[in-house]
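Q: Checked TrEMBL, it gives:
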- A:7-193: domain 'Electron transfer flavoprotein alpha/beta-subunit N-terminal' (DOMAIN)
- A:Arg217, A:242-243, A:256-260, A:273-280, A:Asn294: FAD binding site (BINDING)
Amino acid sequence: MGTANNVLIFADIRNGTLRQVTFEAISVAHQMANGGEVHLAILESLDPNQIESLKQLKLDRMWHVDHPLLKTFNLDAYVETWVHLIDLLNPDVILTGHTALGRDVSPRVAARKRIGLLSDCIKLDTSSTYEFVFTRPIYAGKAYVQRTITKPPFFVTLRPNNFVAHFDTSLDQSIEIKTFHPNLSQISLRTVVTDVVRKVTSGVDLSEANVIVAGGRGVKSKEGFAPLEELAVVLGGAVGASRGACDAGYADYALQIGQTGKVVTPDLYIACGISGAIQHLAGMSMSKTIVAINIDPEAPIFEVADYGIVGDLFEVVPLLTKEWQRINR
Amino acid sequence: MEILICMKQTFDTEEKIFIQNGEIDDDGVERIINPYCEYAVEEGIRIKEAHGGTVRLITIGGAEAEAAIRTAMAMGVDEGYRLDLTDFPADSDEQTTSECIVQLIKQKQIPYDVILCGYMSIDNGTAQVGPRIAELLGIPHISTITSLTVDGRQVQVERDVEGDLEKVESSLPILLTAQQGLNEPRYPRLPDIMKAKRKPLHRMKWDELRVDVQMIQARTKKVAILPVEEKETGQILSGTIKEQSQELIRLLHEEAKVL
Ligand SMILES: Cc1cc2nc3c(=O)[nH]c(=O)nc-3n(C[C@H](O)[C@H](O)[C@H](O)COP(=O)(O)OP(=O)(O)OC[C@H]3O[C@@H](n4cnc5c(N)ncnc54)[C@H](O)[C@@H]3O)c2cc1C
Ligand SMILES: Nc1ncnc2c1ncn2[C@@H]1O[C@H](COP(=O)(O)O)[C@@H](O)[C@H]1O
């Protein structure tokens, strides 16, 4: 098994807080470093309260990258800053989430540095004769490939919700936060974000939710999602949707799960009125436990379901809510 | 307007995946244009229809990929390049694919104002190749676009960012990756299918690129391809709907322990 001397993680931030996938990257980093140094780089403005709490995390150093061009996402500025930090720290492992941010920045940085990049990894194996072996789904989740990197640095993006998150704050001493000022005076910003229309409402982040109640075309209307939302609330989860439901206007595209939408790996996925098309399965088939509720016993969703109820979702879903409330009282 | 599309042929989405001697078995499989590349092809043709110009296409693939190239030509692509990496003497990965495409563009002096890629391939699925090409060419990219307006040398784009909608402005030359929602790809008409057979298709072997194998060979290495473990057949509950609902909650709580 290999060890890395120096691991660098690029944080992913949403609404001023670190996304869960960053904590997952920290635990992968510790597995790979096995005693080596772990660095975390934070580029966007983070809530000052969170910075304080992060000081207790088991990290060797945090880099707070401060530059006016990085306050909001800009591709050129981000690529340049990542490259600067990699040149400065010379890590043998670079980790980030396989999120919109990671997907945009990591391939450009990898191409610039002519290094290998393993994208969308779901598992790390350290027991092989190779240094580190990562597993990633291929063919829309119909097979897996295990790959390794032939020459450091190891550059890896992690699919959210597939690794145990690290929240260990056992350090008795708070770690040092270094401020890094990248020199971005030479770069031209060739793309400019003029507007962001937020459709993702507050509440549980879909790609990080432990429980997802998802509705498809079988939900039949926008109002039809109300019982699904009630169930999601009592289970502490989030609501998702199939492309069918989004196309029909019952749900916003922000909720779409599947190849084109979000890829999710919750502990519990409840599919209501979803037929189970391959593009939908690509986004959820790795959920730990899958429940299907569908009036059609032949629906392909039952092939991936651990538990199935053949029945009308409008009858079943409210009964599930009631039953959970009853035994939880 | 000079439009260039990077298109990949993939297995039909409905194909089952079998593993033979540690490799994906491709014997007799149906193949299609990678769906996200199909949006790229359609968008390229629409840009030409609106602004004039030429639509060219590059595919890295074996002889079987020519069916996909001809389909794209029947949709409206003018000229194609197929680069064959079959005899490449080393491992290849996204680094190899993107370096080869860039070398091909440079050597053949293929002009471009807009390069269109799919946001991901549905087989390999890394979403790396588009952004890597842009970086190697030194041009900007915008990924997962759902709407595009070209106005002179300016481009306005709407893109999907994990469900949020982002509006981005930039200028040519640029590389764009296509997300579902960008357009509805057309079906080729019969006369166009006939015409497509006569459109120029250039075939190249990797060694004609005169590239340094060391420089472009894979930086990653395959260790194994694994099947998805057959899931045990799930349990279809029985009884009245009320009984089933109660039983399901009990099972999730006590057996699966996810509640
Ligand atoms: C390139 C590409 C990308 C795609 N990406 C995605 C993606 O990311 N995500 C995605 O989901 N799809 C995606 N699709 C679309 C996908 O192929 C399917 O069309 C879609 O998933 C179907 O949605 P659905 O299951 O809700 O609808 P349907 O297939 O119409 O299924 C509705 C189901 O509801 C059941 N039903 C009806 N009434 C009830 C009731 N009262 N109670 C219980 N059950 C009921 C029916 O039996 C049926 O099984 C993509 C397609 C392409 C080509
Ligand atoms: N073999 C190939 N030939 C041409 N273009 C490719 C090839 N592989 C990938 N691409 C392009 O890169 C995109 C993303 O592919 P990937 O990085 O494999 O997910 C595809 O949609 C294509 O536009």
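Numbers here mean position along the shown chain, with the first residue as 1.
Cβ atoms here come from the backbone N, Cα and C positions, even for glycine.
Remember, it's a predicted structure, so these values are computed and weren't measured experimentally.
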Q: For the binding-site residues A:Arg217, A:Gln256, A:Ile274, A:His280, which residues show a Cβ-Cβ distance under 8 Å to chain B?
A: A:Gln256
Q: Hey, which of the binding-site residues A:Arg217, A:His280 is the loneliest by Cβ count within 10 Å?
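A: Comparing Cβ neighbour counts within 10 Å for the binding-site residues A:Arg217, A:His280 gives A:Arg217.
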Q: Please report the number of other Cβ atoms within 10 Å of the Cβ of A:Ile274 (FAD binding site).
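A: Around A:Ile274 (FAD binding site), other Cβ atoms within 10 Å: 32.
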Q: Take the domain 'Electron transfer flavoprotein alpha/beta-subunit N-terminal' (A:7-193) and average the pLDDT across it for me.
A: 91
Q: Where does A:His280 (FAD binding site) sit in DSSP terms: helix, strand, or coil?
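A: It is helical.
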Q: Looking at Cβ-Cβ distances, which residues of the chain lie under 8 angstroms from A:Gln256 (FAD binding site) while being 6 or more apart from it?
A: A:Gly240, A:Ala241, A:Ser242, A:Arg243, A:Cys246, A:Lys262
Q: Minimum Cβ neighbour count within 10 Å among the binding-site residues A:Gln259, A:Ala277: which residue?
A: A:Ala277
Q: What does DSSP call A:Arg217 (FAD binding site) in the simple three-state scheme?
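A: SS state of A:Arg217 (FAD binding site) = helix.
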